[in-house]
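Novice: First the structure, then my questions, so here it is.
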Amino acid sequence: MGRGVVVILALLGVCSALSPSTYLTPGDKERLKLVLEPAWSLSDLAQVLYASAGYKHLGQVIPNVQGVCNFIKSSAGDGATVETLFLASSAGKALGCPIEASAAAVQAVSEAIREGASSQELYHAVTAATNLGVALDTAKVLRATQLALKKDDSVLSLGYAFHVGAQLKGEVGSIFERIEDAVVQADEVDGRMLQFEGGLSITALVLSGAYKLAESSNKTPPIKPDQAVKFANYLMTRKSVQMPKGVYYLLEAVSMFTNNKFHVPVAITLASNVAISADAPTVQVRVTDLKGNSLGPLKVTADSATRESDEVVIISKEKLAPLAGTEGVYELEVMSRGPARGFYRLVVSADASDTRLVGHTAATLTFKVLTAISIQSVEIGTADSDQSTAPSLQRVTYPSTLGEKLAADQHQRVMLRFLVRDTASGRPTRVHQAFVKITHVDSAREIIFVAETDSNDLYKFDIDVSSSVKEFGGVSGLYSVELVVGDACISNPTLWHLADISLTFPDSSLSSQSSPNEYTYKVRPEIKHVFRSPDQRPSSLVSTTFTVLCILPLFVLLIMWYKLGVNISNFPFTLSAVMFHIGLAGILGLFCLFWLQLDMFTTLRYLFMIGVVTFFSGNYMLSSIAAKRMEVA
């Protein structure tokens, strides 16, 4: 039994997640109309098609019908391509302006239906032929379509093929069978939506083509009800599209979902304000198709209404009553059940004799119950910081302000006590926001503190004046004390001026001599970075001595060479020898420059260039010396 209940709840959860939560509202339709409106400048035939079909789906009146019709007919004259004929004839069909098929148009369309043509080309040709009243050879079109799908069986190609098959008479089962191949390629998003790669235009093209093909074949499409709802959810997420082409495809698919023989997704939405209260005690639910049209008389039931904070169920299996004068809207009275303040989850289902309806069970809506609060037992006053005497508290009643001004210095504390009571239940309650705002009267500088509750839900505020110098900037003077009480689920949020208090801070003479605004708005001192001071340089005697000691090994080397009798006259004055020794001297000089001036990276760059020359010249020099020794031997 328990396991069965769990399964049922799980299924209800899935259904609620799938039910469309929005539809094309009047505001959405007006915005989509504005996107299509620039097409009436009659500068682009494709834009005219998008606008003509879009206005038709929206039920809008097309301006300057005769002018638009003349533009379409002029575009479809002799020499027009098959794509132009497709655009013109489709726009004319949407506009109610039929285009006569000239001999050139018939020939162009007939030649375009050929083996080797792509699915898109066949779609344009077949649609133009259908709109122009040109007879089609079903067998020839099917053969060309099948060849096109063998070359390209992408989702886009399949979508065009579905539209081709929907316009043919006779057996088109070979194309109908491919609907399932397309549907399985849809990507699922968040477990709620299905879409095809490529976005709105491809998704709408495939869906409208699949359902049109299913209707012309008189067969149920291999699309499950939950898949239809997921596709509908995706379409509704794209209703803010800003391009005319996107609007055209969106409205094509939405219109298909509102008028077909198989699946009509149902949008169950709130028709009333999300908040209900004693003044507005009913929840109103709108049940429509995706275009906001009424679905006729329905039996709408509130399966449950559950408070989200503690899962308490306040309503179970209650029928909603139709709202008089408004089709598709049903209402449920809630406040007579004495619901506590908070957010509620309402699960709604709609039953109808129309078997096409999908996504109409266990739709989840959220509403909140507002209640009024009263602020009672308010006491404000001061007390000594050392608690040597009892606090001096005075009562204040909302909405009055304490008649006398309070005063507190660095030896005292400011105290406030109050109780928030739910007027419906009469019990103390807690709110999301309970602040004490203290404002300097002269400068309007605000300091806000949070009031905390104790175990009895009594709100308390207590500050020590001497410990709050930083928060107040040490500015003494007259301050106003205001109480701010707010909550998402109360109908009367409160801002109450409780009292005025004169605060005196330590060393207040310094603050009182300057403008009260100076603390908040004065220019802060500039922060200057101080680098580390360089170490003191050694005396000239030490520097000179160190330099001599560094050079001394060179003199020792020269003296040793002299004593050993180095044969300098045997130096080979070849180019390689000269370059090698110059390179060595250059490297030594580079080390000196590195010591005195250059940085490491610059030194390495020069060392690389000098080292290459020194390496090759030294290698050649040593090779030459070795060769001469071999000749002497």
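Using the three backbone atoms N, Cα and C, a Cβ is placed for every residue, glycine included.
Pulled the feature table from TrEMBL, pasting it below:
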- 24-257: domain 'Ribophorin II N-terminal' (DOMAIN)
- 266-369: domain 'Ribophorin II second' (DOMAIN)
- 377-503: domain 'Ribophorin II third' (DOMAIN)
- 531-629: domain 'Ribophorin II C-terminal' (DOMAIN)
- 1-17: signal peptide (SIGNAL)
- 541-561: transmembrane segment (TRANSMEM)
- 573-598: transmembrane segment (TRANSMEM)
- 604-622: transmembrane segment (TRANSMEM)
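So where do these features actually land, and what's packed around them?
Specialist: Along the domain 'Ribophorin II second' (266-369), the predicted structure has mean pLDDT 90.
Per-class residue totals from DSSP over the domain 'Ribophorin II third' (377-503), listed helix then strand then coil: 7 helix, 71 strand, 49 coil.
With DSSP classes pooled into helix, strand and coil, the tally for the domain 'Ribophorin II C-terminal' (531-629) is 80 helix, 0 strand, 19 coil.
Counting same-chain residues at least six beyond the ends of the transmembrane segment (541-561), none has a Cβ under 8 angstroms from any Cβ of the stretch.
Residues 606-607, 610-611, 613-614, 617-618, 620-621, 624 of the same chain, all 6+ positions outside the transmembrane segment (573-598), place their C-beta atoms under 8 angstroms from a C-beta of that stretch.
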Novice: Write out how many residues of the domain 'Ribophorin II second' (266-369) are helix, how many strand and how many coil, based on DSSP.
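Specialist: The counts are 3 helix, 56 strand, 45 coil.
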